[in-house]
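Here the structure is laid out as structure tokens; the discussion comes afterwards.
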Amino acid sequence: MKKIKDKKKFQMPTAFTILFFIITFFVLLSWILQWSGVTYEANKETHTVQALGILDIFYSIIQGFLSKAEIIIFILVLGGFINVVLETKALEAFTQSVSKKLGNKAIWLIPILMLFFSFCGSTYGMAEESLGFYLIIIPLVLSSGYDKFTGLLIVLFGAGAGVLASTVNPFVIAAATDAAGGKISSGEGMAWRWISWMFISTFAILYVMWYAIRTKKNPNKSVTFSTLEEDKVFFLGESVEEIKFNKRRVATLIVFLITFVIMVIYLVAWDSILGGNKFESAGKWMNKNIPYLTALVPGFGKGYLPEVALFFFVSSLIMGAINWKGEKNYVEQMIVGTKDMLGVCLVIATAAGVGVVMEKSGIQLLFVNGLSSVMKDMNKTLFILISFILFLPLSFVIPSTSGFAAAIFPIWGPLAVTIGAGSGSVLAFSFASGIINLFTPTSGVVMGALGIAKMDYGSFLKEAWKFILGITLVCCLLLIIGSFMPSSIF
């Protein structure tokens with residue numbers, strides 16, 4: 001008899017392992033570059049690459065924790081908030097009601113919701129704050145006969161497509177133009193950015209609708225088919241019986257929805273959009289004259305994740321009071337929810353460690369300086385296209401759009417202007433950074449979304465790569481076509 005050896009299937013390493021090896025690689029590279037005597041220019045001075053040690057591999061993760069403290073706090077509070085809401089069964093009652101009314105028309109929720117998320121992403125940079133919406137969308141699509149991956153795609157690829165095709169997003173457009181030292185105006189290329197947004201949003205919507213229809217007809221093709229029943233139990237509850245929409249659940253849902261409305265309105269930079277400083281002044285007036293409400297929280301358009309975390313925390317207290325089961329029960333629900341998000345927070349911190357190693361060693365500036373010197377004699381179309389291709393790997397190690405702009409555009413912006421590709425280089429940056437942030441494990445948004453959806457990174461990539469490849473080709477076409485447009489458009 002021949003012994004039959006069981007072949008072990010290849011398993012995708014965890015996000016921790018992938019990121020740890022990336023950090024280790026750059027630490028080793030820092031030694032090689034230092035031994036080679038490689039130097040780079042910064043602030044008109046010559047610097048040698050700083051070699052990092054073994055302890056720095058682990059220390060970079062601790063530094064990553066510190067640099068990402070705001071999003072980590074937000075996600076932990078959000079986890080507690082989610083668990084408190086699930087305990088009330090208000091969302092289950094709501095999704096049952098909506099799915100009954102929609103019936104076979106539920107598919108049209110996809111374009112409506114994705115356009116909303118895309119518009120928010122394109123205009124004010126909706127990213128981390130989109131994490132709260134998964135709790136609404138995933139139960140809704142599950143109750144309509146789709147899988148949880150469809151719900152994840154609606155939010156992630158909806159908001160992601162908007163950020164990718166940023167029109168006036170201050171974290172992309174303003175960050176890049178400001179970092180270029182006034183060489184590029186944020187108004188340049190505005191028309192083509194809106195055209196690009198329409199094409200990219202349409203592509204994203206059609207892809208998600210195609211996936212949703214295909215997997216609803218044949219659930220075996222769903223990337224989450226093996227966990228479908230578990231997903232229904234977790235997001236929709238164990239009972240298949242109708243859950244009554246009683247007064248407490250209605251009140252809970254109202255508080256839940258008001259929280260998101262306040263979050264969206266609060267995060268919009270109203271003074272930048274409308275001009276002046278009325279909202280900033282109103283916030284200061286409130287802090288001074290209504291200190292019993294708050295003397296510390298900034299006004300509308302002036303706060304970010306810590307303030308949004310505050311809203312979710314207060315909201316969870318109100319919902320806990322509406323459905324009061326005792327102080328001990330509320331605290332337990334918050335703790336259980338935060339524990340569910342702890343793994344996600346650790347991944348986010350580890351991912352930030354990659355950027356720490358790149359920055360502290362000087363490898364980041366070395367790459368940028370080297371690339372800019374090679375590309376200074378290219379024609380406009382080729383420069384924009386090559387910029388896009390080069391920005392892809394750079395966006396992987398610098399997932400923060402504002403951080404990327406601050407590191408790259410002081411050098412890249414003036415170079416692009418001399419070639420006549422100023423606004424084109426900004427769009428190339430927007431596209432490249434947006435694509436990478438749709439799937440990179442160094443993105444807190446991606447890993448946070450997967451944590452909320454109870455989905456592993458390998459399963460996500462198994463299906464997402466098709467969209468990533470398609471959207472990359474669309475972006476290349478838009479950049480090439482745009483480069484031939486008159487300066488009034490591109």
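Easy rule for this one: first residue shown is 1, then count along the chain.
Glycine is no exception: its Cβ is also placed from the backbone N, Cα and C atoms.
What TrEMBL says about a protein is an automatic prediction, not a curated fact.
Below 8 angstroms of C-beta separation, residues 49-54, 56-57, 60-61, 346-347, 350-351, 353-354, 357-358, 361-363, 366, 397, 441-442, 447, 456-458, 461 of the same chain, each at least six residues beyond the ends of the transmembrane segment (12-33), sit close to that stretch. The annotation transmembrane segment is assigned in TrEMBL to 12-33 (among others).
Sequence-distant contacts of the transmembrane segment (65-86), counting only residues of its own chain at least 6 positions beyond either end whose CB sits under 8 Å from a CB of the stretch, comprise 128, 131-132, 135, 252, 256, 304-306, 308-309, 312-313, 315-316, 319-320, 330, 333-342, 344-345, 348-349, 352, 355-356, 444, 448, 451-452. Sequence annotations record features per position, and here TrEMBL assigns transmembrane segment to 65-86 (among others).
The transmembrane segment annotation in TrEMBL covers 106-125 (among others).
Counting only same-chain residues 6+ beyond the ends of the transmembrane segment (131-146), those with a CB under 8 A from a CB of the stretch are 74-75, 78, 81-82, 85-86, 91-92, 95-96, 98-99, 102, 106, 109, 113, 117, 152, 154-155, 212, 215-216, 231-232, 235-236, 259-260, 263, 312, 445, 448-449, 452-453. Here TrEMBL flags 131-146 (among others) as transmembrane segment.
Only residues 6 or more beyond the boundaries of the transmembrane segment (153-174), in the same chain, are considered here, and those with a CB under 8 A from a CB of the stretch are 109-110, 113-127, 130, 133-134, 137, 141, 186, 190, 193-194, 196-197, 199-201, 203-204, 207-208, 211, 269, 272-273, 401-402, 405, 426, 429-431, 433-435, 437-438, 445-446, 449, 467, 471, 475. What TrEMBL records for 153-174 (among others) is transmembrane segment.
What TrEMBL lists as transmembrane segment is 194-213 (among others).
What TrEMBL lists as transmembrane segment is 250-269 (among others).
Per TrEMBL, the feature transmembrane segment maps to 304-324 (among others).
TrEMBL lists 336-358 (among others) with the feature transmembrane segment. Listed by sequence, the residues of this chain that lie at least six past the ends of the transmembrane segment (336-358) yet keep a Cβ under 8 A from its Cβ atoms are 15-16, 19-20, 22-23, 26-27, 30, 52, 56-57, 60-65, 67-68, 71-72, 75-84, 364, 397-400, 403, 440-444, 447-448, 450-452.
Taking Cβ pairs closer than 8 Å, the transmembrane segment (378-397) reaches residues 22, 26, 354-355, 358, 364, 367-368, 371, 404, 408, 412, 416, 419-421, 424-425, 427-429, 431-433, 435-437, 440, 442, 475-476, 479-480, 482-484 in its own chain, all 6 or more past its ends. The transmembrane segment annotation in TrEMBL covers 378-397 (among others).
Annotated transmembrane segment per TrEMBL: 428-452 (among others), in sequence order.
TrEMBL lists 464-485 (among others) with the feature transmembrane segment.
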The transmembrane segment (464-485) versus listed stretches 106-125, 304-324, 428-452: most Cβ pairs under 8 Å: 428-452
